[in-house]
Amino acid sequence: MLTLARQQQRQNIRWLLCLSVLMLLALLLSLCAGEQWISPGDWFTPRGELFVWQIRLPRTLAVLLVGAALAISGAVMQALFENPLAEPGLLGVSNGAGVGLIAAVLLGQGQLPNWALGLCAIAGALIITLILLRFARRHLSTSRLLLAGVALGIICSALMTWAIYFSTSVDLRQLMYWMMGGFGGVDWRQSWLMLALIPVLLWICCQSRPMNMLALGEISARQLGLPLWFWRNVLVAATGWMVGVSVALAGAIGFIGLVIPHILRLCGLTDHRVLLPGCALAGASAVLLADIVARLALAAAELPIGVVTATLGAPVFIWLLLKAGR
């Protein structure tokens, strides 16, 4: 038994090391690649200072943090709701952030600065989160709280559809770009949004013990002495914050929160002591690689990153499911 535990521990360490190396390689490639290839030896030249440190580095950091936040949000929701299909958009938090952003675009008539749009997106996500917490205070079961989130998501989606229908052509282009996701406008002015993600990410990665209890199911978690009501509120609030900030930075990026935790579990990473940091590393790497493809696939334009993540990730996910089912 001890030998099996040691083997599993070594395997977990190997996975984390491999994911760390993958993320570092993707980080290096992201800083080098672009319209002009700039090798590490040229990073401290005047050209490198402009392209690498002022343009590519803030974008790369934003991509890493958003990818980690979305993947960890998916892992938290899947444990909290005992549903492998749970992801950040399921509770309506992503759509709530979208409603806040769309309201800011339409009411501000395109004149609001980026920081104001970011605050509106975070406010929309937190409003939906507060509504969910109000439901949670009524001590609803996990399944009913999940259904309440789905209903809120449908309402927010309907509001966004109405807003797009009545928007002008200029607003429509901005809204459609947001709905497909992208990091094209990110620079150091959004550093406050990046800093807003880091404390919550680090805190959640340290909560493996309650997460492991939640993954056992609601009844087992209560029997083990976990204050379920408290942890449900805290985790829903933390997820709402991360999703709101991510939407403010990059718009709507689907698929990552659903697939990354699922793929890691299929690879044997079921303990949240390993799964949570693994999701952060894998999510950051996946979104960063997708962002590189989005930048380089077309010479004259940039692809929406949400389309790239779905196109590249869906076949891999299907293959892993088929492989696991054999």
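Every residue, even glycine, has its Cβ placed from backbone N, Cα and C.
Pulled from Swiss-Prot, these are the features on record:
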TRANSMEM  15-35  transmembrane segment
TRANSMEM  61-81  transmembrane segment
TRANSMEM  88-108  transmembrane segment
TRANSMEM  112-132  transmembrane segment
TRANSMEM  146-166  transmembrane segment
TRANSMEM  184-204  transmembrane segment
TRANSMEM  240-260  transmembrane segment
TRANSMEM  274-294  transmembrane segment
TRANSMEM  302-322  transmembrane segment
Annotated stretches the transmembrane segment (302-322) and the transmembrane segment (146-166) touching (3 or more Cβ pairs under 8 Å): no
Stretch-level contact, the transmembrane segment (184-204) and the transmembrane segment (15-35), CB cutoff 8 A, at least 3 pairs: no
Sequence-remote partners of the transmembrane segment (88-108) [C-beta within less than 8 Å, at least six residues beyond its ends]: 70, 73-74, 77, 81, 116-117, 120-129, 132, 146, 149-157, 159-160, 163-164, 167, 171, 174-175, 178-179, 236, 239-240, 242-244, 246-248, 251-252, 254, 257
The transmembrane segment (240-260) versus listed stretches 15-35, 61-81, 112-132, 146-166, 274-294: most Cβ pairs under 8 Å: 61-81
Intrachain neighbours beyond the transmembrane segment (274-294), with Cβ under 8 angstroms and 6 or more residues off its ends: 12, 15-16, 19-20, 22-23, 26-27, 29-30, 33, 59-60, 63-72, 74-75, 182-183, 201, 204-205, 207-208, 211, 253, 256-257, 260-261, 263-265, 302-305, 308-309, 312-313
Cβ contacts under 8 Å made by the transmembrane segment (61-81) with residues that lie 6+ beyond its boundaries: 23, 27, 30, 87-88, 90-91, 142-143, 145-146, 183, 186, 190, 193-194, 197-198, 200-201, 204-205, 211, 214-215, 232, 235-236, 238-239, 242-243, 245-246, 249-250, 253, 256-262, 272, 275-276, 279-288, 291
Close approaches to the transmembrane segment (112-132) from elsewhere in its chain (Cβ under 8 angstroms; 6 or more beyond its ends): 91-101, 103-105, 145, 148-149, 152, 156, 185, 189-190, 192-193, 236-237, 239-241, 243-245, 247-249
